[in-house]
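Notes for the one structure printed next.
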Ligand code: KIV
Ligand code: ZN
């Protein structure tokens with residue numbers, strides 16, 4: 001029996017919308033983007049940003065490509081006022097960027113807001129008042145007409161001040177705050193009244209911003225509200241319909257996406273989703289979602305590490321390791337089957353083909369992440385991940401049969417060490433397990449000759465001196481195997497063999513991988529040398545050394 005009393009809550013009342021068209025729409029172009037990191041995001045911080053942090057964040061926003069940046073609430077905060085003055089007086093705003101400032105629809109605040117903007121080249125003055133039933137009835141105790149008049153007077157005041165300051169290119173923006181909790185037809189009525197004051201034209205549009213101040217319903221219901229609004233608002237061709245979603249139900253991005261399909265032109269949000277309560281809609285996620293569908297988001301998000309680092313240091317909020325597109329672990333596969341699939345798909349991926357890699361919705365390289373980070377090996381990982389790491393980092397293309405042998409060794413190490421295994425550790429385990437051609441015996445001089453058969457004479461050195469071995473066979477490897485069998489009194493059969501040139505940093509070297517059956521036991525040897533014959537016979541010697549070592553060990557135990 002649940003201890004929750006769900007009867008305490010009422011379901012959302014949806015707007016009546018017939019023949020909705022948004023479900024059939026696609027997002028094919030980027031919207032106009034407006035950042036509210038320095039206002040909504042900043043207002044929501046435990047410790048608001050310092051001027052220095054705001055400067056650094058502003059620079060990031062410009063570099064990312066925002067053309068509209070809400071820089072503060074100057075009438076409410078001296079720090080914001082000073083920051084706006086710094087931007088204007090120090091000529092910090094690029095010519096194609098509008099700085100945006102927020103103000104309530106109150107004459108004294110609007111006046112102070114304009115004071116902060118004196119001398120700005122381009123500015124959006126964003127005025128708002130709250131219109132929802134909850135706010136009307138309980139906070140303002142005004143009827144619908146009273147609330148509408150606040151909006152109208154605010155709009156008039158904004159217009160009057162702009163006319164007194166003709167040196168700036170002004171854009172007006174109005175938000176019916178708590179739009180999602182407002183009867184949609186009434187929201188249209190209030191916005192129409194504001195539009196009547198501003199008299200926008202297709203050449204000089206105004207912005208009507210529809211905030212999901214609190215996200216109160218599913219994204220489809222929000223999309224209905226937006227489509228209803230776009231159908232009914234007057235002078236639609238002279239209006240930029242903007243969305244400002246919050247994430248109370250965890251659907252801020254989804255709501256904004258459906259809102260775009262429903263007819264909106266512009267999106268407000270923050271980088272990585274900082275903002276009141278659960279945050280504003282995350283611009284990184286929505287823009288990267290577009291990018292992953294082949295749509296140019298018109299934002300530069302390629303240096304994701306810089307974005308994460310500036311956002312974290314300015315907001316003092318961590319970015320979750322699983323944050324879409326930006327988190328430290330979002331392109332990382334730990335599971336063996338995922339690693340295997342990624343490795344195979346990456347091997348097939350070429351520059352002329354559309355991206356098609358299992359488990360990776362985008363190419364991690366596009367956001368500055370490397371393939372090394374894609375596959376991380378822990379105790380859950382399989383052979384694919386280990387092989388991928390060794391190939392990417394060291395150019396070692398392990399044959400499948402050797403991957404099968406190495407994987408449990410790495411897995412054991414991860415279990416004992418308790419975590420992610422570094423590539424360097426994988427290489428060390430690989431070398432310790434298989435590259436055993438130097439002890440107890442190492443290859444000294446050797447000579448190959450060919451008469452009826454291939455024959456080999458080789459010197460093997462060990463800690464007490466050296467020995468000479470001889471053998472014949474069909475080919476150098478077979479002759480060397482016979483020589484070892486003869487000398488040690490064992491039977492050595494090569495069951496697997498592979499070699500390749502090493503490209504990573506050592507142009508002229510070759511690596512040989514050998515699996516041998518020695519007296520019924522399986523051993524794997526690997527060796528690197530300047531020529532492939534030397535590498536191959538040393539790889540055989542590596543297997544024999546393992547056999548000798550295990551025999552000695554057994555003798556010691558006995
Ligand atoms: O969430 C909101 O409603 C706002 C408005 C001021 C646009 O931030
Ligand atoms: Zn907000």
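Note that Cβ sites are derived from N, Cα and C of the backbone, with glycine treated the same way.
Residues or ranges marked as domain 'Pyruvate carboxyltransferase' by TrEMBL: 31-305. Summarising the annotation, TrEMBL assigns Mg(2+) binding site to 40, 244, 246, 280. Annotation source TrEMBL lists region 'Regulatory domain' at 437-558.
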For the recorded Mg(2+) site, enumerate neighbouring residues of the same chain (Cβ within 8 Å of the Cβ centroid of 40, 244, 246, 280, site residues themselves excluded), in sequence order.
36, 211, 212, 213, 245, 252, 268, 269, 270, 275, 276, 279, 281
What mean pLDDT does the predicted model reach across the domain 'Pyruvate carboxyltransferase' (31-305)?
98
From the binding-site residues listed here (40, 244, 280), select those whose CB sits under 6 A from an atom of ligand 1.
40, 244
What are the sequence-distant neighbours of residue 246 (Mg(2+) binding site), meaning same chain, six or more residues apart, C-beta distance under 8 angstroms?
211, 212, 213, 214, 215, 252, 275, 276, 277, 278, 279, 280, 281
Could you give me the DSSP helix, strand and coil counts for the region 'Regulatory domain' (437-558)?
39 helix, 57 strand, 26 coil
Distant-in-sequence Cβ neighbours of residue 40 (Mg(2+) binding site), under 8 Å, six or more positions away:
70, 244, 268, 270, 275, 276, 280
